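Engineer: Below is a structure I'd like to ask you about.
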Amino acid sequence: MTSFMINAHVGRKLHHQWKDDPRCTFCRIIADELPATRVYEDEEVIAILDILPLRAGHTLVIPKTHISRVSDLPPEVAAAMGKAVSKVARALSEATENTGLNVVCNQEYAQAVPHVHYHIIPAPILGASTPSNPKQTTVSSRNTPMTRRELHQREFEARDELDEEEGSALAVKIRARL
């Protein structure tokens, strides 16, 4: 996460689920109580498309065990997460034809869901004829390019719900490359 996103969480109260609430959103997805577009799953880990993606392909890799902090992961779960992040990142890069990725794991600070998860986010394809996020089609009348911070802020505010059809089609492409 960039510093402006992290700063948005300064002073934010700790969510009640930090007290090991096993009914968290991700636990409910893992238990098939909530829908999700799954791209990978093994005995320890699940990977799903983010429902509010920063860009197409934004994927979350989540341990099936409810653990709030990455620093509390048992070694075997941490190893399974590492393998899954690498495997999913490779498949996502191939499916999107984009090797640029941002891989992020927040701990408490700027963490929206109190269950360990890694974000794998395809980078914007700079210089592409079409934007990697359709909402970012507005052309600025500025004479200078946006700063990196302005670009990240714009992307963060442009999040839209995952389109079910597009998500399903992309999940098929990702799974085919695992």
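Positions of Cβ are set from backbone N, Cα and C atoms, glycine also.
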Engineer: Pick from 80-84, 110-114, 115-119, 120-124: which range does TrEMBL record as motif 'Histidine triad motif'?
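Structural biologist: Based on what TrEMBL states, motif 'Histidine triad motif' spans 115-119.
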Engineer: For the motif 'Histidine triad motif' (115-119), give me same-chain residues lying six or more residues beyond its boundaries with a C-beta closer than 8 angstroms to one of its C-beta atoms, as numbers and ranges.
Structural biologist: 17, 24-27, 50, 58-63, 66-70, 73, 81, 85, 102-105
Engineer: Counting across all protein chains shown, how many other Cβ atoms sit within 10 Å of the Cβ of His117 (active site, tele-AMP-histidine intermediate)?
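Structural biologist: Here the count is 23.
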